[in-house]
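Questions regarding the structure given below will be posed in turn.
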Amino acid sequence: MGPLMVLFCLLFLYPGLADSAPSCPQNVNISGGTFTLSHGWAPGSLLTYSCPQGLYPSPASRLCKSSGQWQTPGATRSLSKAVCKPVRCPAPVSFENGIYTPRLGSYPVGGNVSFECEDGFILRGSPVRHCCPNGMWDGETAVCDNGAGHCPNPGISLGAVRTGFRFGHGDKVRYRCSSNLVLTGSSERECQGNGVWSGTEPICRQPYSYDFPEDVAPALGTSFSHMLGATNPTQKTKESLGRKIQIQRSGHLNLYLLLDCSQSVSENDFLIFKESASLMVDRIFSFEINVSVAIITFASEPRVLMSVLNDNSRDMTEVISSLENANYKDHENGTGTNTYAALNSVYLMMNNQMRLLGMETMAWQEIRHAIILLTDGKSNMGGSPKTAVDHIREILNINQKRNDYLDIYAIGVGKLDVDWRELNELGSKKDGERHAFILQDTKALHQVFEHMLDVSKLTDTICGVGNMSANASDQERTPWHVTIKPKSQETCRGALISDQWVLTAAHCFRDGNDHSLWRVNVGDPKSRWGKEFLIEKAVISPGFDVFAKKNQGILEFYGDDIALLKLAQKVKMSTHARPICLPCTMEANLALRRPQGSTCRDHENELLNKQSVPAHFVALNGSKLNINLKMGVEWTSCAEVVSQEKTMFPNLTDVREVVTDQFLCSGTQEDESPCKGESGGAVFLERRFRFFQVGLVSWGLYNPCLGSADKNSRKRAPRSKVPPPRDFHINLFRMQPWLRQHLGDVLNFLPL
């Protein structure tokens, strides 16, 4: 038999060698929906179903196998017919110290659930929540709290079960979701010494749910703005150096962009991945920070297109060029999704840089790292990606003190075989932030990256940043603090709230309206960073009149004790001069990492949410001193002491004639009391490494500096003193109409 006859017989016995590879059946329509194919009807093609808003596909996708049959990822049995099912939002499993209505097993799109608290408890969060078409509730978790714990009541998200009901320092709470729901966020949280719960608020969600771009963009932007604020925001670059910036002690950011290029990603989707990453690079280089960018694409194996060890990683043009040259076909021989290998490439890059710089050097230890993973599927080869994350955390020595040195953002794209549990496991867990998301498609991803870092907004909103390192000066710790002087005598203090406005007390100016000889000293007066400014305009509250109630036997009254000073020049921002955050503004909202749509009341509930709130003011010598603001019933007992002051208020019958609800109260035996000359200074809190002014020093019953010429000498009042020390501070939450009237063009105020 000749060679041609042998070949003919082989083709007859194995007809598959002569025909093209089998294709999958085309009877895959979905009732009420549509579908797309990544590679036609050929083996390896991913079929993705879509449904109208408010419905979700079941199954979400199918894969064409080499046998010519469709397989549903994760399914244990074949589904004969794909259908669109109605989206439902999870129901509350329990709600403490209150009631909710209506009580349903789950809620339809458009449905509402309302919450009310029992007597003695205050509602935090949203009183009414709305079920959205993506299967998520709008608003925030409703909590009925009495402020009794060291940490506020962490609440129970809808669909979750919590164990642990003690909220003292070191206490832990644990969460799990009811059946068929997926937990994102932290399954365990601990009450920390600063009164804040560790980790991220847990959310129970349907497996088919996804995030809207308008929710993801501000969440990512808020987290990034916090990170950027800690990464050398004042370092300037020179174009002549081609943006080539050396690693410095003042801080450096390594940004790692990981782009999925596996079989389930279409060429068009990969293009949008690249465009989104380019947007991020463009935004990040718009900030005056030291940054290096790594680019890694991956399928079955990773390809490092740009390493942070390459000098070009610090050049925006070179990084974007590397992205543009990324080729979809480079991975066509590897069809799997090896997320472990991609993250391990980051680990190896870090390890090489650590060896180059030295593990114990500040140059290595001061680098902050951010990883953004863009994927449309579940890791299906190479081992657990969590193992690589554990190695990364270990090499960076990530612990409670160094938690801010690593951020991992895990972003799933498309309603495919995206695994919520895996994304949540990879994403960082930080208080008030989210790091794991699923978006409906790559167009939504592009929209997120367009809006998450709007430089025009963020450069004016980095407020409340103080340097808390051990070697920082007092002024660097509180860079908003200013001194107000008539001629040469120091009289009052104030707080920088923008680059040209100072907030202070009205009684500093009660002796006349001519302020031409007054000066405001901004920055450290003992160094080259200090500078004196003339006052262009003083705005005194018209309601302030210290003698307004003299006829009632009240010799001095400090209601409306608030003033604004507009400086003749703008202040150049530096580590010694930077505004503090004012609550009820968009700037403070970003710093608090709160969602869009937050209100002034939300800020008050978050900042003044306990019976005794730790706070601070700045002393004459520039040091930061501690007080406790009394709220609720403790405010009443704090203020009642005024009735014992017979010199200033000899005929007082009602304490509230002197201490109105405009005032915050402090001054117990454990507290410091402000001295004369410290009036007008900020009363401020620390939250999430940022500082927020909630009041300003107004008046008190005791002057600890009386009779002393030494700024560092303060005398505590004897325990037998009558009346005991009490101090009163203008509550900025009660002065909102006046602040909005005069600062509406300066700050971006939230709804009341």
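Backbone N, Cα and C define each Cβ position, glycine as well.
Quick caveat, the model's predicted, so the values are computed rather than measured.
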In Swiss-Prot, the residues SER262, SER264 are said to bind Mg(2+). Which of THR200, THR297, THR317, THR337 is said to bind at that same site?
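According to Swiss-Prot, the candidate sharing the Mg(2+) site with SER262, SER264 is THR337.
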According to Swiss-Prot, the disulfide involving CYS24 connects it to which residue among CYS9, CYS51, CYS64?
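According to Swiss-Prot, the disulfide partner of CYS24 among CYS9, CYS51, CYS64 is CYS64.
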Under Swiss-Prot's annotation, the disulfide partner of CYS463 is which of CYS492, CYS508, CYS581?
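Swiss-Prot says the disulfide from CYS463 goes to CYS581.
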For the feature motif 'MIDAS-like motif' as recorded in Swiss-Prot, pick the matching range from 170-174, 190-194, 260-264, 365-369.
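In Swiss-Prot, residues 260-264 carry the label motif 'MIDAS-like motif'.
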Let me spell it out: for each of the disulfide-bonded residues (CYS89, CYS191), count the other Cβ atoms within 10 Å of that residue's Cβ, using every protein chain shown. Which one has the most?
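Its Cβ has the most other Cβ atoms within 10 Å: CYS89.
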Whole-number answer please: how many Å between the C-alpha atoms of CYS64 (disulfide bond) and CYS51 (disulfide bond)?
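With the alpha carbons as reference points, the distance is 21 Å.
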Calculate the distance in Å between the alpha carbons (Cα) of CYS584 (disulfide bond) and CYS463 (disulfide bond), and round it to a whole number.
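Computed Cα spacing between CYS584 (disulfide bond) and CYS463 (disulfide bond) is 13 Å.
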Of the residues in the motif 'MIDAS-like motif' (260-264), how many are helix, strand and coil by DSSP?
0 helix, 1 strand, 4 coil
In sequence order, what residues of the same chain, 6+ apart, have a Cβ less than 8 Å from the Cβ of CYS144 (disulfide bond)?
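CYS144 (disulfide bond) has long-range Cβ partners PHE95, GLU96, ASN97, GLY98, PHE115, CYS117, GLU118, PHE121, ILE122, LEU123, ARG124, ASN153.
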Can you tell me which disulfide-bonded residues out of CYS84, CYS89, CYS131, CYS204, CYS508, CYS581 are within 10 A of CYS705 (disulfide bond) by Cα, answering none if there aren't any?
none
Could you check which of the disulfide-bonded residues CYS51, CYS84, CYS177, CYS675 is the closest Cα neighbour of CYS665 (disulfide bond)?
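Looking at Cα distances from CYS665 (disulfide bond), the smallest one goes to CYS675.
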Among the disulfide-bonded residues CYS204, CYS492, CYS665, which residue has the largest number of other Cβ atoms within 10 Å of its own Cβ?
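Compared across CYS204, CYS492, CYS665, the most Cβ atoms within 10 Å surround CYS665.
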